[in-house]
Amino acid sequence: MMIASFAIFLSHIIFITYATSNQRYFKPNMHNNMTITIRRTITKTATAIAVLHSDNGNINGTIHFQQDKNSTTISGEIKGLTPGLHGFHVHQYGDTTNGCISAGPHFNPYNKTHGDPTDEMRHVGDLGNIVAGADGTAHIDISDKHVQLLGPNSIIGRSLVVHADQDDLGKGVGDKKDESLKTGNAGGRVACGIVAISA
């Protein structure tokens with residue numbers, strides 16, 4: 001009788017231990033699955049800023065960059081410009097020791113010719129034109145899929161430059177064609193600033 005009772009008691013212990021162990025086995029898996037799902041919904045966002053000015057201090061502006069999954073938004077305003085269109089580009093170097101000329105050529109990691117921002121054949125740094133109103137202020141709101149703040153072709157540490165003239169977007173003809181495919185015939189550099197990581 002004692003042996004039978006002990007066997008029943010032992011079977012209860014074994015059953016209870018198995019059930020408890022089974023619950024402990026599934027709970028971490030449920031937790032891990034939830035964690036993985038949450039992590040997959042997180043997207044990387046990066047932000048940067050460029051404070052632009054001219055050598056004489058008459059032109060000033062602040063431009064903000066925000067990169068999400070699909071594109072980079074470029075926004076802000078620049079004051080003190082002559083009314084009209086001005087070429088707007090990211091240049092190779094974050095060097096302004098000799099003014100904007102030290103910034104080098106357009107940022108062009110894929111060795112393409114200059115073009116319209118909507119063209120596939122364009123420099124990464126080609127942002128087209130900005131428009132200054134009668135008061136000399138240009139309001140900027142650009143979305144660009146080529147400009148990146150993350151990765152090997154990041155524009156962080158490079159220069160953002162405003163030019164004196166309108167960018168012809170690589171469509172120049174005749175004696176202007178060669179320069180059009182390099183700079184868009186956008187003229188001198190009137191203001192610039194280094195693109196830096198923002199807080």
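Every residue gets a Cβ built from N, Cα and C, even glycine.
The annotation in Swiss-Prot ties His89, His91, His163 to Cu cation, and of the candidates under consideration, His106, His146, the one tied to the same site is His106.
Close to Asn60 (N-linked glycosylation site), meaning Cα to Cα within 10 A, are the following recorded positions out of His91, His106, His163, Cys192: Cys192.
In this view, the densest Cβ surroundings among the glycosylation sites Asn60, Asn70, Asn111 belong to Asn60, judged by other Cβ atoms lying within 10 Å. In terms of Cα distance, the recorded positions that sit within 10 Å of His106 (Cu cation binding site) are His114, His123, Asp126, chosen from Asn70, Cys100, His114, His123, Asp126, Cys192. Among the recorded positions His114, His123, Asp126, Cys192, the residue whose Cα lies closest in space to that of His163 (Cu cation binding site) is Cys192.
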